[in-house]
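Chemist: Structure incoming, see below.
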Amino acid sequence: MVEKRIQPLARDAMAYVLAGGRGSRLKELTDRRAKPAVYFGGKARIIDFALSNALNSGIRRIGVATQYKAHSLIRHMQRGWNFFRPERNESFDILPASQRVSETQWYEGTADAVYQNIDIIEDYGVEYMVILAGDHVYKMDYEWMLQQHVDSGADVTIGCLEVPRMEATGFGVMHVNDKDEILAFVEKPADPPGIPDKPDFALASMGIYVFHTKFLLDALRRDAADPNSSRDFGKDIIPYIVQNGKAVAHRFAKSCVRSDFEHEPYWRDVGTIDAYWQANIDLTAIVPELDIYDKSWPIWTYAEITPPAKFVHDDEDRRGSATSSVVSGDCIISGASLNKSLLFTGVRANSFSKLEGAVILPNVKIGRRAQLKNVVIDHGVVIPEGLVVGEDPELDAKRFRRTESGICLITQPMIDKLDI
């Protein structure tokens, strides 16, 4: 195995996180927040994974571009990511869309979200730029990708996942040679090209790019001058470099961080209600696919000060209990029973209620005798006494956002419309 350099390249890199997207496939879950600000795993927000990867990789200069409904995201970062110190040559910049180029122009694409802050990037004088999406769940050491970028002499190095070929139709797909040099980049192809050594698999873009800073800024300026550009990395910047420069694929398996319990590289988009529910519920397994308890690669986040979780009542039909579940601080399970559920902070589950396959966001109150199965309940929802979800598909679909696989998203406006 190749060893890391004695002098890490991450020390001379800046991570630039694109966190302005809505995530419309999450429906009402992103009505009040951007997708990167959506809660995940009982404690964190989705963006904490990209930020933690950067920090754990040794990167100490980070910029985060925000746009859509950014208040909760900005507040979270101000509270949880305020420990960077300029006197140690560290920085953490929150970069909201602010019409820095013209009085009528917000961020018009992923590339434009970087271009509009070129002066800030130049001020830091870093050698390398690591462009990241702020809405994926994974653990990755970017130092390995930086090292491959330098060793290969590439103009851009693109993080890629190996996925079954016919599942790659929703991704940007790399056609590579046996050296993983990218010959073509195809956006959402009907017939994805296979990998030379694994023809039944394709290399799908993770939306992670490494550049030498000067090359990137020159490419952004050239793109900004093109009136036909959509100002997007995947649609404009990357295809141009593939055709006119040298682009190299970096396989995620080479830099994925895995504990002793994680056997396969883990990366999730969690961009749909089903995917979001499944990724959270997976954490309740005895040996989950994603190890969030790995102290060698912590997921940093805002550490809210809360009292411990509490379980009360021990009668035959009224026992506060949880099996195969994750329960966060400040939760009180008062005579309720949980199975295969994940609760964020401040949840109150009252007597005789039963939760199974439930993802409960912070500060939810669950009334007595509620029966909730396969649900995602948004922040602060008050579940009325006796509400039953998960038994009558037709009724659930009328009341809530129900997916084809039977997962129900419940928000307070939906509850307010109930006639019960």
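Positions of Cβ are set from backbone N, Cα and C atoms, glycine also.
From Swiss-Prot, for reference:
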- Tyr107, Gly172, Glu187, Lys188, Ser205: alpha-D-glucose 1-phosphate binding site (BINDING)
Chemist: Based on the record's binding annotation for alpha-D-glucose 1-phosphate (Tyr107, Gly172, Glu187, Lys188, Ser205), what whole-number value in Å is the widest Cα to Cα distance?
Modeler: 23
Chemist: Just jot down the residues in the same chain as Glu187 (alpha-D-glucose 1-phosphate binding site), at least 6 apart in sequence, with C-beta under 8 A of its C-beta; none if empty.
Modeler: Gly172, Val173, Gly234, Lys235
Chemist: When you measure from the Cβ of Tyr107 (alpha-D-glucose 1-phosphate binding site), how many other Cβ atoms are you left with inside 10 Å?
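Modeler: Looking across every protein chain shown, the total is 26.
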